[in-house]
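Student: Below is a structure I'd like to ask you about.
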Amino acid sequence: MRSSVLFSLYAATLVAAVAHPKDPQIVLQESQATIVEPDEYLIELSPGETRWVTEDDKWALRRENINFFDITHNKELGTLNHKLSTESVKFPSKPAHNESIVPLLKELKKENMRTHLETFTSFHTRYYKSHYGAESSAWLLEQVRKTLTDAGASKASVKAFPHPWGQASIIATIPGKSDKTVVIGAHQDSINLFLPSILAAPGADDDGSGTVTILEALRVLLKSEEVLKGEADNTIEFHWYSAEEGGLLGSQAIFQSYEKEGRDVKAMLQQDMTGYVQKTLDAGEPESVGVITDFVHPGLTEFIKKIITVYCDIPYVLTKCGYACSDHASASKAGYPSAFVIESDFKYSDNKIHTTEDKIEYLSFDHMLQHARLTLGLVYELAFAKFK
């Protein structure tokens, strides 16, 4: 019964698309109309395990909480750095910049995150193939640009990293004294896995929360005169990836380009879903930061645990999320040390994601503030770390 109703709805929508090409529900841009999508996509479900699937198959897998790389156009990722050993990257034994970081932590404002997230979730969807996704990306780019301008960050820059599907990724760069680079990431797109091109996807938690969390961390990081003047030992980048929900497409494109360019990325942290704590509290568990332990760099992950202990007001919990579960996996595949933190033990994470109900009202900005503290503490410590 449900399938027949959905088919009727889908058919009616297609008719409406033909009859009313300017209807706001029709999410493909005119400029994208000539893009020819393949009938099937090549996905990687685990190392070496690939499968050809349709787009509907992709969404069906995601509804079953099965993650993957879409490698249809990214088969070269990891082929150049496959012999690169991330074990050679050594992280500090403990945080060493407490005196500089603690005053900065006091500058983080959850009100800023709320204000940004209210606008970011007001787009009907941020689906990467939609004009809404392109518009939300343009809005976010402007917020990042304004953040740099307001800080007087004349040495810093921000650019759109274009993709053929229309929604650009965003990269903000704060040059340091070397090309060794520390990356902080989140994904900007959202999706409704039932009918991505039609249904609303506010994406407050997934990953609007991570998007505004790292934006606020960037704002406060730029209050450091040393960072602002380019005196950090290492270059800092903040990334907002497009099309994570489609199979880590945006981050794959970026890290494939970095791999080809020989970029020296020393660390990458992904902040994906930073705001939901209710299931944790309902289970009688303490509010905590979920530190992912599978398919991540152990040294970087160990250092992140120390950062949480020193700079956050809540503990961490160790948890797992599986293969290709967020954009850090693209960095890892390219041969770069990567890590991932999430709002809780994975079993208590937000089950409203990928639906119309992924709304601000279910989130805790106090919890997001803890993720911002983690982000700020980590990026500052690693910006001044003495990597070989």
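Start at 1 and count along the chain as shown; that gives each residue its number.
Note: Cβ is positioned from N, Cα and C throughout, glycine not excepted.
Okay, so Swiss-Prot annotates it like this:
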SIGNAL    1-19  signal peptide
CARBOHYD  N98  N-linked glycosylation site
BINDING   H187, D206, D272  Zn(2+) 1 binding site
BINDING   D206, E245, H354  Zn(2+) 2 binding site
DISULFID  C321-C325  disulfide bond
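How buried are the listed features, and what sits near them?
Tutor: The DSSP secondary structure for N98 (N-linked glycosylation site) is helix.
Annotation note: D272 (Zn(2+) 1 binding site) sits in a coil segment as assigned by DSSP. Taking a C-beta cut-off of under 8 angstroms and a sequence separation of 6 or more, D272 (Zn(2+) 1 binding site) has the following same-chain neighbours: A186, H187, D206, D207, G210, E244, S326, D327, F340, I342.
With a 10 A radius on its CB, E245 (Zn(2+) 2 binding site) counts 27 other CB atoms from all the protein chains.
DSSP assigns C325 (disulfide bond) to coil in the three-state reduction, placing it in neither a helix nor a strand. Taking a C-beta cut-off of under 8 angstroms and a sequence separation of 6 or more, C325 (disulfide bond) has the following same-chain neighbours: N67, I292, F295, F340.
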Student: Per DSSP, H187 (Zn(2+) 1 binding site) is which: helix, strand or coil?
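Tutor: In the DSSP reduction, H187 (Zn(2+) 1 binding site) maps to strand.
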Student: What are the sequence-distant neighbours of H354 (Zn(2+) 2 binding site), meaning same chain, six or more residues apart, C-beta distance under 8 angstroms?
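Tutor: Within the chain, H354 (Zn(2+) 2 binding site) has Cβ neighbours under 8 Å at R62, R63, I191, N192, L193, A201, D206, E245.
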Student: For the recorded positions N98, H187, D206, which one has its C-beta crowded by the most other C-beta atoms within 10 angstroms?
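Tutor: The residue with the densest Cβ neighbourhood is H187.
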Student: Provide the three-state secondary structure of E245 (Zn(2+) 2 binding site) computed with DSSP.
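Tutor: The residue in question, E245 (Zn(2+) 2 binding site), is coil (DSSP, three-state).
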Student: Rounded to a whole number, how many Å is the Cα of C321 (disulfide bond) away from the Cα of N98 (N-linked glycosylation site)?
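Tutor: Here the two Cα atoms are 31 Å apart.
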